[in-house]
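J.: There's a structure below that I have some questions on.
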Amino acid sequence: MAECGASGSGSSGDSLDKSITLPPDEIFRNLENAKRFAIDIGGSLTKLAYYSTVQHKVAKVRSFDHSGKDTERDHEPPYEISVQEEITARLHFIKFENTYIEACLDFIKDHLVNTETKVIQATGGGAYKFKDLIEEKLRLKVDKEDVMTCLIKGCNFVLKNIPHEAFVYQKDSDPEFRFQTNHPHIFPYLLVNIGSGVSIVKVETGDRFEWVGGSSIGGGTFWGLGALLTKTKKFDELLHLASRGQHSNVDTLVRDVYGGAHQTLGLSGNLIASSFGKSATADQEFSKEDMAKSLLHMISNDIGQLACLHARPHSLDRVYFGGFFIRGHPVTMRTITYSINFFSKGEVQALFLRHEGYLGAIGAFLKGAEQDNPNQYSWGENYAGSSGLMSTSPELGPAQRARSGTFDLLEMDRLERPLVNLPLLLDPPSYVPDTVDLTDDALARKYWLTCFEEALDGVVKRAVASQPDSVDAAERAEKFRQKYWNKLQTLRQQPFAYGTLTVRSLLDTREHCLNEFNFPDPYSKVKQRENGVALRCFPGVVRSLDALGWEERQLALVKGLLAGNVFDWGAKAVSDVLESDPCFGFEEAKRKLQERPWLVDSYSEWLQRLKGPPHKCALIFADNSGIDIILGVFPFVRELLLRGTEVILACNSGPALNDVTHSESLIVAERIAGMDPVVHSALREERLLLVQTGSSSPCLDLSRLDKGLAALVRERGADLVVIEGMGRAVHTNYHAALRCESLKLAVIKNAWLAERLGGRLFSVIFKYEVPAE
């Protein structure tokens, strides 16, 4: 913890707190490397954005020179590993109460050393009020930006870059949040910003929008009238009162006016006929809770009706709501959603945003950074440094509520290359990567959260073992353990905190936390050793395959693919075997496989297809290093090449578990080419192309792939997609519909999942699909 700001006397009301203790490692991370700033100051909350460079360790591989050596008998590693420092770009967003603003500015001033700019972009109603204070403290010139332009730029940015950013609120569901998949075409839409008043904007493109309406009755009205009615001055306390109120004690309902005759009008008797109608005639005192609830309903219903009236003439069916009025409060989202559904008769969808509070700050930052072209990159949410969507529902326990109104964080990492859809997706807007939504499935959620928690000891042990020469590896590993454990506890209480909860998001969060504490590739030495062993076995495996008849060889190739997929250090059932039995190899893995018929078995259809004309080009998403890629995937690739099929072999851009990376695949392919003329000529003639996916995940999102890979798929006319492994073909993409033939194959290495699918440990999925005509 560090002192933030000079000590001073206590403050209250609108005065600024100058004596606040902040944890800078958690709040203002990488501030010393901040290059550019933006700030959005509202009536009660400040949102700060800054761009910084982050230095972290990465594991690099480089091929040895094996010229003139006998590679079959050469027991040296196939490549060397070095850990290097790499600098990447990161966006930081921090949200805090205006009470903290002077203390935070003092802290920033004391720690700001490398900024490249003399200007800070500012937006929001408080930009004018605090202009002099900001310029005095930071010695940066304040450039004020248009509020609406910033909001729209920010909204477009999060919808494009953050999967599961938008959600609908359904009060009777468990959980109430239903997240939307990223739509490749987000325009047009209606943005309703509820600040002090209401602004309604039609957004047509990234640069074109039109203000179409608004109202003076908005969040400020709720706050102001609420303060008069309840004597409660704080906005969140008003919402807390409303959540405990019963509006029908104050409002006149339809049944109060029409009695039983309301049914002939086609109206529900519970509809509000007159807000605060009973207060004019009832001779009684109304509770603060009931009045706050009635006021919230009145304003939310008005906003919902206005949104519908403006959406319909423009034929818009999606309305995004933002502004300080919402703040993720369930009672607010519930009333707005009900209003939209009622007045639109279900034709218009009310959508809320996980990061709606940051839109203005994000937009202001983008305005100031236009010369750096931030929109030409793709960005990804860093789960390790983000606090997530923390509901302020009064039903939550005090541990969860305590975070409301303090500091919330969002971090986004700039990715090396733009990410786009796989061109072969049948219907990109309806594509959902994940097979099971753990926010929906309570039993699966409980199992997987416990599974990842119980695996922590092994992950920590592996991380420490990967850096034997580091004096602080154990200390950093314990910090990783604590951070990831805390994330898991948050997700137990609030599974919606980072969007849709899935096995993929749990795996990705773990990878982010490992990277946070400089464990870039804990399995690098394991992969190096296993690649070396598998390369020495490759010639013998190929000779035995070539000796088989054609039909027998096809089955052997598929079994080789499946046996290779057994070697997954992310599966406890496998890692236990590999650690206890160092001699466990390719043949032993084959004997572990389920006998045919498999759990999902389309092999006969695949064999029949192979008797037809060859495919033009196959896109193969590989899984693990070592035996999997070398003895399973490459013989399969070789057979396709012999049939006259071009092959695009796609591997992870960065490390995750023991998955093969693009840089490792290049070295492996080079070594195999030295042993096999088929692979050698295919590489030379560019009939075999090795590309990176743009991902560093054990799973696969076909809507976020490297732009170069997508271009190559179009250029080569790929007509077969092969997806291998549990993470890529079962946890994700099992139901993915493609416009071409596909193979999804995996060995189920988790007993609980196998039983749930109707099988047993090491059951086989071999799913061959042909698109409908």
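Counting starts with 1 at the first residue shown.
Cβ atoms are placed via backbone N, Cα and C, with glycine included.
Worth saying up front: this structure is predicted, and the values here are computed from it rather than measured.
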J.: Record says Asp623, Asn624 bind Mn(2+). Source is Swiss-Prot. Which of Asp581, Asp659 does it list for that same site?
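T.: Looking at Asp581, Asp659, the one Swiss-Prot places in the Mn(2+) site next to Asp623, Asn624 is Asp659.
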J.: Between the candidate ranges 14-18, 29-33, 724-728, where does Swiss-Prot place the motif 'Subfamily II EGMGR motif' annotation?
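T.: From Swiss-Prot, the annotated motif 'Subfamily II EGMGR motif' range turns out to be 724-728.
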J.: Specify the secondary structure state of Asp623 (Mn(2+) binding site) as given by DSSP, simplified to three classes.
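T.: In the DSSP reduction, Asp623 (Mn(2+) binding site) maps to coil.
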J.: Across all protein chains in the structure, which of the binding-site residues Ser196, Ser199, Asn624 has the highest Cβ count within 10 Å?
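T.: The residue with the densest Cβ neighbourhood is Asn624.
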J.: Which residues does Asp623 (Mn(2+) binding site) neighbour through Cβ under 8 Å, counting only same-chain ones at least six apart?
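T.: Sequence-distant Cβ neighbours: Asn565, Asp568, Ile629, Asp659, Val660, Glu724, Gly725, Gly727, Arg728.
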J.: Checking distant contacts: for the motif 'Subfamily II EGMGR motif' (724-728), what same-chain residues at least six beyond its ends satisfy Cβ-Cβ under 8 A?
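T.: Here the qualifying positions are 503-504, 507, 561, 565, 568, 570-571, 620-624, 628, 632-633, 659, 697-700, 745-750.
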J.: With DSSP, how much of the motif 'Subfamily II EGMGR motif' (724-728) is helix, how much strand and how much coil, in residues?
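T.: Helix (H, G, I), strand (E, B), coil: 3 helix, 1 strand, 1 coil.
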J.: Determine, for the Mn(2+) site, the additional residues of the same chain whose CB lies within 8 Å of the mean position of the CB atoms of Asp623, Asn624, Asp659; present them in sequence order.
T.: Asn565, Asp568, Ala622, Ser625, Asp628, Ile629, Leu657, Asn658, Val660, Pro698, Glu724, Gly725, Gly727
